[in-house]
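Per TrEMBL, these features apply:
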type    : residues                             : note
BINDING : 33, 65, 138, 178                     : L-threonine binding site
BINDING : 56, 60, 114, 118, 140, 148, 191, 226 : ATP binding site
DOMAIN  : 11-195                               : domain 'YrdC-like'
Ligand code: TXA
Ligand code: MG
């Protein structure tokens, strides 16, 4: 593989990225949640390349990204509930798991009878998918198990030389991955994420929680993921070498030479989500293997997604 190219989010850059995808190559691109590692979702070889580039140990199913509801309806069956969710929240940070009609590579669905679909709001992502004219399979553009990328520099730090190009369009506004709903007998929250559960429940009522049996490939709740190199302690009251704070807290006890990063000095969960993955990377760089601590984060709104990702970052490593 040649050196990874950095493309601009302008018309020529997007056209070049679409050409690379059509050729079966891998291109990382911005979405409003995190940067995705894209491949033509209908090309088996290209999709297989995603797993190789990320070093994913097994073929987890991937999200197929679309640029319109019409494109989504060619890939999956939408019932009235799925249509209502799509009409209310698409484009945006919501992924729907629906019965597949088999138009995407079986590597995208891991041979499940369902497919995960997302219509991202980010204009560059939408333009890229529309230019390809086919769904784009994309996990987060990071090596397997590592922190998801919210900037092009994060993508290059993990995947440079392993992918054809990255479209650099600055920092992601939401900063945590999409909320995933399974539209099964019951509408089931498979992953908390960038769309608050409260907003979804206002439309469709209380969400079910996953049953183990319906979730062969769901993101494991205790799986180590988003993992920095340094050990992490959550809900910390005593700061470690590097402390990730939240809200207008002070650390009068902080010894000299230690660092505090504050996810949101004004205690705004949306701002905290946007900063989360960048700060995990920063903390890891500054800690050099020494302990990282994180302040308690309120478990509401985007705080649920933040706490989910922090729990995985702190989970026992394989
Ligand atoms: O915000 C996002 O969702 C980002 C951006 C790039 O769109 N993508 C992302 O993809 O987070 P990834 O691969 O890191 O996470 C996709 C999750 C996986 O945990 C997978 O288990 C789940 O979606 N998934 C995919 N298809 C599924 C299916 N048919 N049934 C259940 N879970 C599925
Ligand atoms: Mg990921």
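Using N, Cα and C of the backbone, Cβ positions are placed for all residues, glycine too.
Since this is a predicted model, take the numbers as computed values, not measurements.
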Listed binding-site residues are 33, 56, 140, 148; which sit with C-beta under 6 angstroms of ligand 1?
33, 140
Residue 65 (L-threonine binding site) and residue 114 (ATP binding site), distance between Cα atoms, whole Å:
14
In sequence order, what residues of the same chain, 6+ apart, have a Cβ less than 8 Å from the Cβ of residue 56 (ATP binding site)?
50, 139, 144
Using CB atoms and a 10 A radius, I'd like the single residue among the binding-site residues 33, 60, 114, 140, 178 with the highest neighbour count.
33
With the Cβ atom as the reference point and anything under 6 Å counting, tell me which of the binding-site residues (33, 60, 138, 140) are near ligand 2.
140
Out of these binding-site residues, 65, 118, 191, which one has the fewest other C-beta atoms within 10 Å of its own C-beta?
191
Write down the Cα-Cα distance for residue 33 (L-threonine binding site) and residue 60 (ATP binding site), rounded and given in Å.
20
Span of the L-threonine site, taken as the largest CA to CA distance across 33, 65, 138, 178 (Å, rounded to a whole number):
13
Helix, strand or coil for residue 138 (L-threonine binding site)? Use DSSP.
coil
Rounded to an integer, what is the Cα-Cα distance in Å between residue 148 (ATP binding site) and residue 33 (L-threonine binding site)?
10
Roughly how many Å separate the Cα of residue 178 (L-threonine binding site) from that of residue 191 (ATP binding site), to the nearest whole number?
8
